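*Asks:* Sharing a structure with you now.
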Amino acid sequence: MQKNEIARVTIEDIGVNGEGIGKVNGYTLFIKDAVIGDVVEAKVIKAKKNYGYARLMKILTPSPDRVEPRCPFARKCGGCQIQEMSYEKQLEFKNRKIRGNLERIAGFSPDLLDKVMEPIVGMEEPFYYRNKAQFPFGTDKEGNPITGFYAGRTHDIIANTDCALGVSVNQEILEIVLDFMKEYRIASYDEKSGNGLIRHVLIRYGFTTKEIMVCLVINGKKIPRGEELAERLKKIDGMTSITISSNMKNTNVIMGESYETLWGQGFITDYIGDVKYQISPLSFYQVNPVQTEKLYGLALDYAGLKGDETVWDLYCGIGTISLFLAQKAKQVYGVEIVPQAIEDAQNNARINGIENAKFYVGKAEEVLPEYYREYEKEHPGEAAHADVIVVDPPRKGCEESLLKTMVDMKPEKIVYVSCDSATLARDLKVLCGEGYQVERVRGVDQFPMTGHVETVVLLSKLKSTKSIEVEIKLDEMDLTQAESKATYAEIKEYVLKNTGLKVSQLYIAQVKRKHGIIERVNYNTGNGKAKIPQVPLEKEQAIEEALRHFKMI
Ligand code: SAH
């Protein structure tokens, strides 16, 4: 197909970001805002050899899963991607996305996934869920200040103070700020010229405490008549904190490096479960508190703590998961790269009277290996051990060196919380090749109306110190993949008949692995440390002969 060509397309699939996918004579088109089941007219905007991107022009026959979006700007706005899809279908799509990645990238079998995947956790009310919003300010054609959201992939502002994902008080606050700007002729910041004052308004709302924070991000040091603005804002019920953050740099970074309090205190308080958190304008804090509580509850449930465990929480942010776990563990260690977040974490531990959580600043992939090495130095012949390791990395997932140290610490359980199921799948493949097996997987929809989904996974260590236990585990392997052309029993029988040798399942698995037949996730490689008997040469050759016979190699 060519650019600007117009085609009639039936949408048959959904892409990773929720876009519709359809085919025209074998040529694949990705069409934003088209819903699976729609028949649409679309115009090609970018044509590659085998696939292209097209703009939705007209819906010829709407899909039964198409719904009227709650927000009139849903299509234009970059904030939501799939508001036109019924919520039920959104959940289905996200679940499929997780499953697809685990199958394709991690190489898990459909049978295994049927066994371990639990139904995705959705929201009862999938709107108005965000506790934080950052509104950019701009100027319309008449020269009036406006605020709203960026249109997808641009910095054009769509004027809208009533976002369907945010809390309703946002609108009240923004209208006060806009009126104030008009009254005193205070201009919005202009990215191109670098002129103007008001860049962004950050609003945070404590769902449990009903406390509100407003932080004005400005291209300057002061807001003229700032006290008067504060006077107006503080009349809003729940207003707790009004601050200014100065950002005079010409960058896309929203917040300045620090903030000053204009009125009230510099933070608000909120709860997740029973744990209290102080949140400043610069703190990272999960944006969907209702789902976060479910997510952490799940992580805690997967960790299965009894009270005497040592737990590591890597990528701990302000210690949210750490403090949740600390209530049920003997000792928790948190690691996080942002020093300010660790300060918050320590403060949060203190205000909750939690004394069994210790935090380290640094990269997880440096702090943990260093801890491991130091421990060995101080305790010769002994290795650092963890009972449970929780990781919650950013989208890029974990460094392989970190995964290695995690395995070396031989935790009984690893709980992996992920915001990108593709990198999750990549990392799980590594862990499952190192003596861990997947027990439970569950999606949590932290971001309804967008293509994002969070996943929690429980991995447990395969017993590997005694070969007999290894054999039991190998028995449990489901043999549904291509590797299973002949069963272990058939191979054993063949070898016995031909050579008179008795070979174990473990030995067969080792030979299969040598030939790259086994990509099985729950095959135990023994991680090089446990005493697993290795197949003797004679038996190896006999097994190879059998594999050849069954055309497996
Ligand atoms: N578990 C926390 C935060 C998860 S977000 C919570 O739920 O609130 C991921 C965190 O990882 C961020 O706080 C980010 O600053 C941090 N981070 C990013 N790269 C890191 C690294 N290499 N080592 C440690 N922390 C890192």
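The backbone N, Cα and C atoms fix where each Cβ goes, and this holds for glycine too.
Since we're looking at a predicted model, the values are computed, not measured.
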*Asks:* Hey, TrEMBL has S-adenosyl-L-methionine bound by Gln286, Glu336, Asp392. Any idea which of Tyr259, Tyr315, Tyr416 it lists too?
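*Replies:* The candidate from Tyr259, Tyr315, Tyr416 that TrEMBL ties to S-adenosyl-L-methionine along with Gln286, Glu336, Asp392 is Tyr315.
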*Asks:* For a quick check of understanding: among the binding-site residues Glu336, Asp392, which residue's Cβ has the most other Cβ atoms within 10 Å?
*Replies:* Glu336
*Asks:* By DSSP, what is the split of the domain 'TRAM' (1-58) into helix, strand and coil residues?
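*Replies:* The composition, in the requested order, is 0 helix, 36 strand, 22 coil.
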*Asks:* Can you tell me which of Glu336, Asp392, Cys419, our recorded positions, come within under 6 Å of ligand 1 at the Cβ?
*Replies:* Glu336, Asp392
*Asks:* Which whole-number value in Å describes the distance between the Cα atoms of Tyr315 (S-adenosyl-L-methionine binding site) and Cys419 (active site, nucleophile)?
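*Replies:* For Tyr315 (S-adenosyl-L-methionine binding site) versus Cys419 (active site, nucleophile), the Cα atoms are 12 Å apart.
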*Asks:* Rounded to whole angstrom, what's the largest C-alpha distance between any two of Gln286, Tyr315, Glu336, Asp392, listed as binding S-adenosyl-L-methionine?
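*Replies:* Across Gln286, Tyr315, Glu336, Asp392, the two farthest Cα atoms sit 15 Å apart.
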*Asks:* Could you say whether, by DSSP, Tyr315 (S-adenosyl-L-methionine binding site) belongs to a helix, a strand or a coil region?
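*Replies:* For Tyr315 (S-adenosyl-L-methionine binding site) - judged by DSSP and reduced to three states - the answer is coil.
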*Asks:* Measuring CA to CA, name the entry from the binding-site residues Gln286, Glu336, Asp392 that ends up nearest Cys419 (active site, nucleophile).
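*Replies:* In terms of Cα distance, Cys419 (active site, nucleophile) lies closest to Asp392.
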*Asks:* Any same-chain residues 6+ apart from Gln286 (S-adenosyl-L-methionine binding site) with CB under 8 Å of its CB? Would you list them in sequence order, or say none?
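*Replies:* Long-range Cβ contacts: Ile272, Thr292, Leu295, Thr320, Gln446.
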